[in-house]
Amino acid sequence: MRLALIMSLSLLLFFIQFLSPSLQQFPRPCTTPDVLRSKRCCPVWPGDGSVCGSLSGRGFCQDVTVSDLPNGPQYPHSGLDDREQWPLVFYNQTCQCAGNYMGFDCGECKFGYFGANCGERRESVRRSIFQLSISERQRFISYLNLAKTTVSPDYMIVTGVYSQMNNGSTPMFTNISVYDLFVWMHYYVSRDALLGGPGHVWADIDFAHESAAFLPWHRVYLLFWEHEIRKLTGDFNFTIPYWDWRDAQDCQVCTDELMGARSPLNPNLISPSSVFSSWKVICSQPEDYNQREVLCDGSPEGPLLRNPGNHDRNRVPRLPTSADVESVLSLTDYETDLMDRRANMSFRNALEGFASPETGLAVTGQSLMHNSLHVFMNGSMSSVQGSANDPIFLLHHAFIDSIFEQWLRRHQPPRTHYPTTNAPIGHNDGYYMVPFIPLYRNGDYFLSTKALGYEYAYLQDPSQRFVQEFLTPYLEQAQQIWHWLLAAGLLGAAVAGVIATIITVACRRRQKRRKSSVYGERQPLLNSSEEEGSTSYQTTL
């Protein structure tokens, strides 16, 4: 019954997707031979028919200037990977948006701003998935499934390296669903560098993990994903829920009401009662791509896999505790040493899971904090490049983002604490995030969620938390059943009215009977006394 409800809602929402454009990298207007040859990704904004919405003051086409500050020694090559000095291999001109505008054509609003002219400032609140009402949970799952089954109308993925495109004359792009677009992006940013020749790759390269950009990159990634779902569904109040896994003993969200229980037929699969059991994964075979010297092309590669808890216990003895989180938050330096997985006393490295939360020292052979959840899931989520296939990825990273936010509020580091040079390639402050277009610098997102228009319910002050975590869900439930409540109220009022009327009538009749009884006793006695001319007790009284 629940599955049927979710599928029905997904079908109803399918048609909403065409109401507004989406916002991610490799926009369709920028995948043509002419654009690739010119390297000019400055689409026309449909709102006024001008490039980058320039006639409306939204933005203008500008040359891309990338940072030339040195990277760390982890990647010793140059000019071999399309992601180096992103996005210059593909484009050297993009839209530069003004004011509160954003997007590849400046047709969208910056994070936290809404309205036709992006003048409405609003703060959204991300809540625990366990604080969502039943209908909100069902809606969240239906949104996920809709995104999984809806082709992105405005974005494509690249299926080959630029050198295979004859300087742009033979584009290599293909369609992708809204959900799988984000799966592919996570693959593309973390894939190995192809150096030429079967299996000849450089593995020690990742533009979103194992260094400083890990937290800012995933922050932008979640904001974009949230934004895409809002536009796809028309629900601009939607926020990504988080899973607070502190002190958890098992996968609390692995139920058919939430992210799918374990299949009784195969422990590595999702329960047939969950819509996620029908999902197919993409970008899950990096070794095969490396051997064939190709990129993931978004083709389905099998079912979503998950077998939580049946992992290598030596690698992940337990899930993180509240004490672990507090220990990590006590670290004062964001980055240290070589600014990679070997960094000691680094908040980023400890939270990512390459250092002990108790000591802050880098460890090998164990996956801790953020990494431990990926390994614990023991399936699609356990491979870095394909981990976003599992929707639990979103819940997990939303909570990681909230811990990052706690650290920012507690220590209030200036932007100068973010490394500007010598971090691994892709992680310096001035490096544009791969593979986003529009362009965003790492250091620009080393700031509080308050500046980006969102908040976490459990980080609010007590009064706000009460409203968000307790009062709001009940009010939303009441809003959904208001017609039943109104009918019940009217019926109750009618019944009360009838009862009150009956009681009133009964009381009046009783009062009349009492008056009649008293009059019937006194009058004959008086008359009798007067007629008989004698005194008695009654007549004297």
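Yeah, the Cβs are placed from backbone N, Cα and C, and that goes for glycine too.
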Practice prompt. If TrEMBL is the reference, give me the range from 302-325, 398-421, 518-541 marked as region 'Disordered'.
Written response: 518-541
Worksheet item: Tally of helix, strand and coil residues over the domain 'Tyrosinase copper-binding' (209-226) according to DSSP?
Response: 13 helix, 0 strand, 5 coil
Practice prompt. Using DSSP, tally how many residues of the domain 'Tyrosinase copper-binding' (390-401) sit in helix, strand and coil.
Written response: 10 helix, 0 strand, 2 coil
